[in-house]
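Some features that TrEMBL has for this protein:
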type	residues	note
ACT_SITE	HIS79	active site, proton acceptor
BINDING	ASP80, VAL83, GLY85, ASP87, SER89, GLU102	Ca(2+) 1 binding site
BINDING	PRO176	substrate binding site
BINDING	THR207, ASP233, THR236, ASP241	Ca(2+) 2 binding site
DISULFID	CYS48-CYS129	disulfide bond
DISULFID	CYS81-CYS86	disulfide bond
DISULFID	CYS135-CYS313	disulfide bond
DISULFID	CYS213-CYS220	disulfide bond
DOMAIN	38-317	domain 'Plant heme peroxidase family profile'
SIGNAL	1-31	signal peptide
SITE	ARG75	site 'Transition state stabilizer'
Amino acid sequence: MAASSCFPLAARCSLLLTAALVLALSHGTDGHAGAGVGLSSSFYDDSCPSVHDIVRRVIQNARIADGRIPASLIRLHFHDCFVQGCDGSLLLDNDLPATMTEKEVPANNRSARGFDVVDSIKHALENACPGVVSCADILALASEISVELAGGPHWSVPLGRRDGTTTNVESANNLPSPFDSLQTLQEKFRNLGLDDTDLVALQGAHTFGRAQCQFTQQNCSAGQDGETLVNLDTVTPDVFDNKYYDNLLHGRAPLPSDQVMLSDPVAATTTAPIVHRFSGSQKDFFKNFAASMVKMGNISPLTGRVGEIRNNCRRVNKKPY
(Lines of atoms letter the chains of each structure in order from A and count residues from 1; the text may use other names and numbers.)
(Lines give C-alpha, C1' and ligand atoms only; values in the text may rest on other atoms or scores of the structure.)
Protein backbone atom coordinates (compact mmCIF):
# COMPACT_ATOMS: atom_id res chain seq x y z
CA MET A 1 0.00 0.00 0.00
CA ALA A 2 2.69 2.50 0.97
CA ALA A 3 4.71 1.80 -2.14
CA SER A 4 1.76 2.50 -4.45
CA SER A 5 0.56 5.68 -2.73
CA CYS A 6 2.74 7.94 -4.92
CA PHE A 7 1.35 6.81 -8.27
CA PRO A 8 -1.35 9.49 -8.64
CA LEU A 9 1.16 12.27 -7.92
CA ALA A 10 4.37 10.68 -9.16
CA ALA A 11 6.14 13.90 -10.11
CA ARG A 12 5.30 15.61 -6.85
CA CYS A 13 6.34 12.56 -4.79
CA SER A 14 9.61 12.38 -6.67
CA LEU A 15 10.38 15.99 -5.81
CA LEU A 16 9.49 15.46 -2.15
CA LEU A 17 11.63 12.33 -1.87
CA THR A 18 14.55 14.11 -3.53
CA ALA A 19 14.23 17.05 -1.15
CA ALA A 20 14.11 14.72 1.85
CA LEU A 21 17.22 12.89 0.65
CA VAL A 22 19.14 16.13 0.14
CA LEU A 23 18.14 17.28 3.64
CA ALA A 24 19.28 14.01 5.19
CA LEU A 25 22.60 14.03 3.38
CA SER A 26 23.24 17.63 4.33
CA HIS A 27 22.67 17.22 8.04
CA GLY A 28 24.16 13.79 8.62
CA THR A 29 22.87 12.28 11.86
CA ASP A 30 20.48 13.82 14.33
CA GLY A 31 23.06 14.80 16.93
CA HIS A 32 23.78 11.23 18.01
CA ALA A 33 26.25 8.59 16.92
CA GLY A 34 24.72 6.61 14.09
CA ALA A 35 25.07 5.55 10.51
CA GLY A 36 26.93 8.68 9.42
CA VAL A 37 24.62 9.51 6.52
CA GLY A 38 26.62 10.71 3.53
CA LEU A 39 29.97 9.38 4.78
CA SER A 40 32.00 6.75 2.95
CA SER A 41 35.50 5.32 3.32
CA SER A 42 35.90 5.78 -0.44
CA PHE A 43 34.84 9.45 -0.42
CA TYR A 44 38.25 10.75 -1.62
CA ASP A 45 39.13 7.87 -3.95
CA ASP A 46 38.78 10.10 -7.01
CA SER A 47 39.29 13.61 -5.64
CA CYS A 48 42.34 12.92 -3.41
CA PRO A 49 43.45 9.29 -3.72
CA SER A 50 46.67 9.83 -1.76
CA VAL A 51 44.95 11.33 1.31
CA HIS A 52 45.68 8.40 3.63
CA ASP A 53 49.34 8.15 2.62
CA ILE A 54 49.86 11.90 3.07
CA VAL A 55 48.31 11.96 6.54
CA ARG A 56 50.29 8.89 7.56
CA ARG A 57 53.59 10.34 6.35
CA VAL A 58 53.16 13.59 8.28
CA ILE A 59 52.24 11.75 11.49
CA GLN A 60 55.17 9.35 11.13
CA ASN A 61 57.56 12.27 10.81
CA ALA A 62 55.99 14.13 13.73
CA ARG A 63 56.11 11.00 15.88
CA ILE A 64 59.88 10.77 15.50
CA ALA A 65 60.29 14.15 17.16
CA ASP A 66 57.41 13.80 19.63
CA GLY A 67 56.31 10.35 20.77
CA ARG A 68 53.18 11.83 22.39
CA ILE A 69 51.69 12.97 19.09
CA PRO A 70 49.54 9.87 18.33
CA ALA A 71 47.75 10.12 21.68
CA SER A 72 47.44 13.90 21.32
CA LEU A 73 45.81 13.64 17.89
CA ILE A 74 43.20 11.12 18.95
CA ARG A 75 42.32 13.34 21.91
CA LEU A 76 41.65 16.22 19.50
CA HIS A 77 39.19 14.02 17.61
CA PHE A 78 37.41 13.07 20.86
CA HIS A 79 37.12 16.66 22.04
CA ASP A 80 35.95 17.79 18.63
CA CYS A 81 33.21 15.19 18.23
CA PHE A 82 31.87 15.69 21.76
CA VAL A 83 31.14 19.36 21.01
CA GLN A 84 28.41 19.90 18.37
CA GLY A 85 29.62 16.88 16.41
CA CYS A 86 32.71 16.06 14.35
CA ASP A 87 33.03 19.37 12.51
CA GLY A 88 36.57 20.56 13.28
CA SER A 89 35.31 23.35 15.57
CA LEU A 90 38.02 22.61 18.15
CA LEU A 91 40.68 23.64 15.63
CA LEU A 92 39.42 27.21 15.24
CA ASP A 93 41.48 29.98 16.86
CA ASN A 94 40.00 33.09 18.43
CA ASP A 95 38.74 35.53 15.82
CA LEU A 96 36.64 37.85 17.93
CA PRO A 97 33.90 38.81 17.89
CA ALA A 98 32.86 36.18 15.33
CA THR A 99 34.70 33.15 16.75
CA MET A 100 35.50 32.31 20.36
CA THR A 101 37.89 29.35 20.47
CA GLU A 102 37.15 26.09 22.29
CA LYS A 103 40.87 25.68 22.94
CA GLU A 104 40.75 27.77 26.12
CA VAL A 105 38.04 25.88 28.04
CA PRO A 106 39.37 23.97 31.09
CA ALA A 107 39.35 20.57 29.33
CA ASN A 108 41.56 21.91 26.52
CA ASN A 109 43.54 24.84 27.88
CA ARG A 110 47.27 24.08 28.02
CA SER A 111 46.57 20.37 27.49
CA ALA A 112 45.04 19.93 24.03
CA ARG A 113 47.97 19.75 21.63
CA GLY A 114 48.97 18.57 18.18
CA PHE A 115 47.46 21.54 16.34
CA ASP A 116 50.75 22.18 14.55
CA VAL A 117 50.70 18.62 13.20
CA VAL A 118 47.15 19.14 11.93
CA ASP A 119 48.41 22.31 10.22
CA SER A 120 51.21 20.32 8.57
CA ILE A 121 48.77 17.68 7.37
CA LYS A 122 46.46 20.34 5.97
CA HIS A 123 49.35 22.08 4.20
CA ALA A 124 50.48 18.83 2.60
CA LEU A 125 46.94 17.99 1.49
CA GLU A 126 46.35 21.46 0.06
CA ASN A 127 49.49 21.02 -2.04
CA ALA A 128 48.29 17.65 -3.32
CA CYS A 129 44.56 18.32 -3.74
CA PRO A 130 43.57 21.90 -2.91
CA GLY A 131 40.20 22.59 -1.33
CA VAL A 132 39.19 18.93 -1.11
CA VAL A 133 39.88 17.38 2.31
CA SER A 134 38.18 18.85 5.37
CA CYS A 135 39.86 19.48 8.70
CA ALA A 136 37.19 17.34 10.39
CA ASP A 137 38.19 14.40 8.19
CA ILE A 138 41.86 15.06 8.93
CA LEU A 139 41.13 14.49 12.64
CA ALA A 140 39.22 11.28 11.92
CA LEU A 141 41.97 9.90 9.68
CA ALA A 142 44.76 11.03 12.00
CA SER A 143 43.12 9.18 14.90
CA GLU A 144 42.96 5.87 13.05
CA ILE A 145 46.51 6.18 11.74
CA SER A 146 47.84 7.21 15.16
CA VAL A 147 46.28 4.15 16.81
CA GLU A 148 47.56 1.83 14.10
CA LEU A 149 51.11 3.25 14.27
CA ALA A 150 51.11 2.65 18.04
CA GLY A 151 50.23 -1.02 17.58
CA GLY A 152 46.44 -0.77 17.77
CA PRO A 153 43.68 -1.84 15.40
CA HIS A 154 43.00 -0.66 11.87
CA TRP A 155 39.55 0.35 10.71
CA SER A 156 38.03 1.89 7.59
CA VAL A 157 37.30 5.53 8.36
CA PRO A 158 34.03 6.90 6.95
CA LEU A 159 34.86 10.22 5.25
CA GLY A 160 33.06 13.15 3.70
CA ARG A 161 32.63 15.47 6.67
CA ARG A 162 32.68 19.19 6.06
CA ASP A 163 34.01 21.83 8.44
CA GLY A 164 31.81 23.88 10.71
CA THR A 165 31.94 27.66 10.73
CA THR A 166 31.08 28.14 14.41
CA THR A 167 32.34 27.05 17.81
CA ASN A 168 30.39 26.13 20.94
CA VAL A 169 32.23 27.15 24.10
CA GLU A 170 29.25 26.35 26.33
CA SER A 171 29.22 22.73 25.13
CA ALA A 172 33.02 22.53 25.30
CA ASN A 173 32.79 23.50 28.97
CA ASN A 174 30.81 20.29 29.51
CA LEU A 175 33.37 17.88 28.02
CA PRO A 176 34.01 14.70 30.05
CA SER A 177 36.25 15.52 33.01
CA PRO A 178 38.91 13.42 34.77
CA PHE A 179 36.87 13.96 37.95
CA ASP A 180 33.42 12.98 36.61
CA SER A 181 31.49 10.27 38.41
CA LEU A 182 30.52 7.19 36.43
CA GLN A 183 26.90 8.32 36.24
CA THR A 184 27.99 11.69 34.85
CA LEU A 185 30.21 10.02 32.25
CA GLN A 186 27.42 7.65 31.26
CA GLU A 187 25.03 10.57 30.84
CA LYS A 188 27.48 12.57 28.70
CA PHE A 189 28.12 9.58 26.46
CA ARG A 190 24.45 8.57 26.32
CA ASN A 191 23.48 12.10 25.25
CA LEU A 192 25.54 11.50 22.11
CA GLY A 193 24.16 8.03 21.43
CA LEU A 194 27.10 6.17 22.98
CA ASP A 195 26.45 3.28 25.36
CA ASP A 196 28.45 1.67 28.18
CA THR A 197 30.47 -0.49 25.80
CA ASP A 198 31.44 2.64 23.85
CA LEU A 199 32.34 4.39 27.11
CA VAL A 200 34.65 1.61 28.31
CA ALA A 201 36.16 1.08 24.84
CA LEU A 202 36.80 4.76 24.12
CA GLN A 203 38.26 5.37 27.58
CA GLY A 204 40.72 2.67 26.50
CA ALA A 205 42.47 5.33 24.43
CA HIS A 206 44.13 6.17 27.74
CA THR A 207 46.29 3.11 27.13
CA PHE A 208 48.86 5.50 25.66
CA GLY A 209 49.88 9.11 26.16
CA ARG A 210 50.40 11.36 29.17
CA ALA A 211 48.34 13.49 31.54
CA GLN A 212 49.18 16.39 33.81
CA CYS A 213 49.63 15.21 37.38
CA GLN A 214 47.03 17.71 38.64
CA PHE A 215 44.35 15.56 36.98
CA THR A 216 45.44 12.23 38.49
CA GLN A 217 44.20 10.31 41.53
CA GLN A 218 47.51 10.72 43.35
CA ASN A 219 47.75 14.35 42.30
CA CYS A 220 51.29 15.76 42.17
CA SER A 221 54.24 14.88 44.37
CA ALA A 222 55.51 17.53 46.75
CA GLY A 223 57.18 20.33 44.83
CA GLN A 224 55.93 19.12 41.44
CA ASP A 225 54.43 21.59 39.01
CA GLY A 226 50.77 20.82 38.31
CA GLU A 227 51.52 20.38 34.62
CA THR A 228 54.16 17.69 35.22
CA LEU A 229 53.35 14.78 32.93
CA VAL A 230 52.67 11.22 34.07
CA ASN A 231 52.16 8.13 31.93
CA LEU A 232 48.53 7.08 31.57
CA ASP A 233 49.69 3.48 31.21
CA THR A 234 52.64 2.75 33.47
CA VAL A 235 53.44 -0.54 31.71
CA THR A 236 53.47 0.32 27.99
CA PRO A 237 52.94 4.11 27.81
CA ASP A 238 53.52 4.48 24.06
CA VAL A 239 51.87 1.27 22.87
CA PHE A 240 48.19 0.88 22.05
CA ASP A 241 47.21 -2.36 23.81
CA ASN A 242 44.83 -3.61 26.50
CA LYS A 243 47.23 -3.16 29.44
CA TYR A 244 45.13 -0.16 30.47
CA TYR A 245 42.40 -2.53 31.66
CA ASP A 246 44.87 -4.57 33.71
CA ASN A 247 45.87 -1.30 35.38
CA LEU A 248 42.21 -0.67 36.23
CA LEU A 249 41.84 -4.12 37.77
CA HIS A 250 44.86 -3.46 39.98
CA GLY A 251 43.72 0.06 40.96
CA ARG A 252 46.54 1.72 39.02
CA ALA A 253 44.57 3.96 36.66
CA PRO A 254 45.96 7.50 37.06
CA LEU A 255 42.72 9.27 36.14
CA PRO A 256 39.82 9.09 38.62
CA SER A 257 37.35 8.98 35.70
CA ASP A 258 38.96 5.73 34.56
CA GLN A 259 38.99 3.95 37.91
CA VAL A 260 35.29 4.72 38.52
CA MET A 261 34.44 2.20 35.80
CA LEU A 262 35.29 -0.41 38.46
CA SER A 263 34.92 1.37 41.79
CA ASP A 264 31.62 3.22 41.39
CA PRO A 265 28.62 1.51 43.06
CA VAL A 266 26.79 1.18 39.74
CA ALA A 267 29.84 -0.21 37.92
CA ALA A 268 29.23 -3.83 38.96
CA THR A 269 26.22 -4.15 36.68
CA THR A 270 27.29 -1.74 33.93
CA THR A 271 30.93 -1.03 33.09
CA ALA A 272 32.92 -3.44 35.30
CA PRO A 273 32.03 -6.60 33.31
CA ILE A 274 33.20 -4.85 30.13
CA VAL A 275 36.49 -3.85 31.77
CA HIS A 276 37.06 -7.51 32.72
CA ARG A 277 36.21 -8.61 29.17
CA PHE A 278 38.67 -6.22 27.56
CA SER A 279 41.36 -7.08 30.09
CA GLY A 280 41.03 -10.74 29.15
CA SER A 281 41.00 -10.24 25.39
CA GLN A 282 42.94 -7.63 23.45
CA LYS A 283 41.19 -8.82 20.30
CA ASP A 284 37.79 -8.07 21.85
CA PHE A 285 38.99 -4.62 22.95
CA PHE A 286 40.44 -3.79 19.53
CA LYS A 287 37.24 -4.86 17.76
CA ASN A 288 35.02 -2.78 20.03
CA PHE A 289 37.35 0.20 20.08
CA ALA A 290 37.34 0.39 16.28
CA ALA A 291 33.54 0.11 16.18
CA SER A 292 33.14 2.78 18.85
CA MET A 293 35.53 5.13 17.04
CA VAL A 294 33.44 4.85 13.88
CA LYS A 295 30.29 5.41 15.94
CA MET A 296 31.76 8.48 17.63
CA GLY A 297 33.03 9.80 14.30
CA ASN A 298 29.46 9.68 13.02
CA ILE A 299 28.17 12.21 15.56
CA SER A 300 26.44 15.02 13.66
CA PRO A 301 28.73 15.27 10.63
CA LEU A 302 28.17 18.16 8.25
CA THR A 303 27.81 16.84 4.71
CA GLY A 304 26.50 17.90 1.32
CA ARG A 305 26.49 21.70 1.08
CA VAL A 306 26.43 22.40 4.82
CA GLY A 307 29.63 23.90 6.25
CA GLU A 308 32.76 24.35 4.16
CA ILE A 309 36.19 22.94 3.37
CA ARG A 310 38.50 25.26 5.28
CA ASN A 311 41.64 26.48 3.58
CA ASN A 312 43.24 26.85 7.00
CA CYS A 313 42.04 24.63 9.86
CA ARG A 314 42.44 27.51 12.32
CA ARG A 315 40.17 29.97 10.52
CA VAL A 316 36.80 30.06 8.82
CA ASN A 317 37.14 30.85 5.11
CA LYS A 318 36.74 34.51 4.27
CA LYS A 319 33.56 35.20 2.33
CA PRO A 320 34.01 37.08 -0.97
CA TYR A 321 32.42 40.50 -1.02
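Quick reminder: no glycine exception, Cβ is built from N, Cα and C everywhere.
Predicted automatically and left uncurated, TrEMBL annotations should be read as such.
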**Request:** Return the member of CYS129, THR207, ASP233, THR236, ASP241 nearest to ASP80 (Ca(2+) 1 binding site) in space, with distance defined Cα to Cα and candidates limited to these recorded positions.
**Result:** THR207
**Message:** Can you name every residue in this chain, apart from ASP80, VAL83, GLY85, ASP87, SER89, GLU102, with its Cβ inside 8 Å of the center of the Cβ atoms of the recorded Ca(2+) 1 site?
**Reply:** HIS79, CYS81, PHE82, GLN84, CYS86, GLY88, LEU90, GLY164, THR167, ASN168, SER171, ALA172
**Fill in**
Spacing of the two Cα atoms, VAL83 (Ca(2+) 1 binding site) and ASP233 (Ca(2+) 2 binding site), in whole angstrom, works out to 26
**Message:** Given a 10 Å Cβ-Cβ cut-off, pick out the one of the binding-site residues GLY85, PRO176 that has the most other Cβ atoms nearby.
**Reply:** GLY85
**Item:** Separation of alpha carbons, ARG75 (site 'Transition state stabilizer') and ASP241 (Ca(2+) 2 binding site) (Å)
**Value:** 17
**Asked** Given the recorded positions GLY85, CYS213, CYS220, which one's Cα is the least distant from that of CYS313 (disulfide bond)?
**Response** GLY85
**Complete:** If you measure between the CA atoms of HIS79 (active site, proton acceptor) and the residue listed as 'substrate binding site' and round to the nearest Å, you get 9
**Message:** Restricting to the recorded positions ASP87, SER89, CYS129, which ones have a CA within 10 Å of the CA of CYS135 (disulfide bond)?
**Reply:** ASP87, SER89
**Complete:** Spatial hits near SER89 (Ca(2+) 1 binding site) (Cα distance within 10 Å) out of the recorded positions CYS48, CYS81, CYS129, PRO176 come to CYS81
**Asked** Whose Cβ, among the binding-site residues ASP80, ASP241, has more other Cβ atoms within 10 Å than any of the rest?
**Response** ASP80
**Neighbour-count leader, CB within 10 A, binding-site residues: SER89, THR236** = SER89
**Request:** Show which residues of the chain containing THR207 (Ca(2+) 2 binding site), separated from it by at least 6 in sequence, have their CB under 8 Å from its CB.
**Result:** LEU232, ASP233, THR236, VAL239, PHE240, ASP241, ASN242, LYS243, TYR244
**Item:** Length of the line joining the Cα atoms of CYS213 (disulfide bond) and ARG75 (site 'Transition state stabilizer'), in Å
**Value:** 17
**Message:** I need the neighbours of the Ca(2+) 2 site defined by THR207, ASP233, THR236, ASP241. Which other residues of that chain put their C-beta within 8 angstroms of the C-beta centroid, in sequence order?
**Reply:** PHE208, VAL235, PRO237, VAL239, PHE240, ASN242, LYS243, TYR244
**Prompt:** Hey, how far is ARG75 (site 'Transition state stabilizer') from PRO176 (substrate binding site), Cα to Cα, in Å?
**Reply:** 12
